[in-house]
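Listed in TrEMBL:
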BINDING   T13, G14, G15, N124, R165, S193, Q294  UDP-N-acetyl-alpha-D-glucosamine binding site
DOMAIN    6-142  domain 'Glycosyltransferase family 28 N-terminal'
DOMAIN    187-347  domain 'Glycosyl transferase family 28 C-terminal'
Amino acid sequence: MKKNSILLVAGGTGGHLFPAEALSCELQNRGYCIHLVTDCRTKNFSANFSASTIHEIPSSQFSLLNPVILYNFIKFFLKGFFISFKIIRKIKPIAIIGFGGYPSLSPLFAGISLRIPSIIHEQNVIMGRANYLLSFFVRAIATGFFLKKNTFLNDKIIVTGNPVRASILKASSVSYQPSYPDQPFHLVIMGGSQGAQFFSKIVPLAISHIPSKHLKRLMITQQVRQEDIEEVQSHYNKLHLTAKISSFFVDIAEHIATAHLLICRSGASTVSEIAVIGRPSILVPYPYAVGKDQLANAMFLKDTGGAEVVMQSSLSPERLADILLSAMEEPERLMKMAKEAYKMGKPQSVDFLADVVEGISKGHKVSQLKRKN
């Protein structure tokens, strides 16, 4: 018997692809054939993405202020639309779900034109521009958090949480173990696509300001840009620190699970993974994020006591050193933060989202699919 196909669509960054990857695994476990449409940026992620076929389409940035960028966007959108149209006609998916990013526009509009049941998943507290445009045409809007604004779309909105990968779910079974004085302190720094450069500069400088008594406790795992690896590693070597430096960690869930403290941006997937595993964090929202979505995501954890939020504009090496020193001296406070973060995790999100996809594909209304909290 031929399996029914479902088409997933995501921009080629971890923030869009990680929840798509989690859903792909769950839907395949339920017997579906999964196809992914994305752009050329997937090279760091596609090796671990479980799908029958990964289709690549052209994409471009969007700007109304720059005529060249706008022209390229329209050109690539049309090209992507016709490529997606052919893919959809060929594989005949029973549903299409988009995870945001401009590359998702072409395939979803192609699917909508062919009357394929279509869904978007918005990971952030504030809806992104691509998803906002699509929200008027899709049948359902699944969200990671309760959305700010957009109340006129409430009939379509269903809060599923952000799906996290199986490795994150596995790591969530590891309870937080505080680091007391004279015990090793594992600091994990995750830069992501919008933070590695900044953290590569400021974190090593901050570490240099930490007294030797505390410095000898530190173990560091840090994501940096490929071109910064040698410089950052050299800096830590001079301080005689144990440090794992890489541009990408396939086993990042294991590092988060053993972390005593995280320093990272506050993309939706990152915040959701921190919450599911339950770890204390210092969140530094990306200051140039459209709509300040990262700040809104960060405040979600801060307001519950699960994280500290520091704006990049006010974060000097000296201030970060003070924050780290305080954290290393207050294991009970970090333990409390870990517990509060864990309370906000939604480990069943991927099951719920898969149920929504199946329901919409069968013609069910969003109101029929909502769960009671």
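Using N, Cα and C of the backbone, Cβ positions are placed for all residues, glycine too.
Since the structure is predicted, the reported quantities are computational estimates derived from the model, not experimental observations.
Here the features listed in TrEMBL are placed on the structure.
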| residue | record | CB count, 10 Å |
| --- | --- | --- |
| T13 | UDP-N-acetyl-alpha-D-glucosamine binding site | 22 |
| G14 | UDP-N-acetyl-alpha-D-glucosamine binding site | 22 |
| G15 | UDP-N-acetyl-alpha-D-glucosamine binding site | 24 |
| N124 | UDP-N-acetyl-alpha-D-glucosamine binding site | 29 |
| R165 | UDP-N-acetyl-alpha-D-glucosamine binding site | 21 |
| Q294 | UDP-N-acetyl-alpha-D-glucosamine binding site | 29 |
Any idea what DSSP makes of R165 (UDP-N-acetyl-alpha-D-glucosamine binding site), helix, strand or coil? coil
What is the three-state DSSP composition of the domain 'Glycosyltransferase family 28 N-terminal' (6-142), stated as helix, strand and coil residue counts? 67 helix, 26 strand, 44 coil
Please work out the mean pLDDT for the residues of the domain 'Glycosyltransferase family 28 N-terminal' (6-142). 89
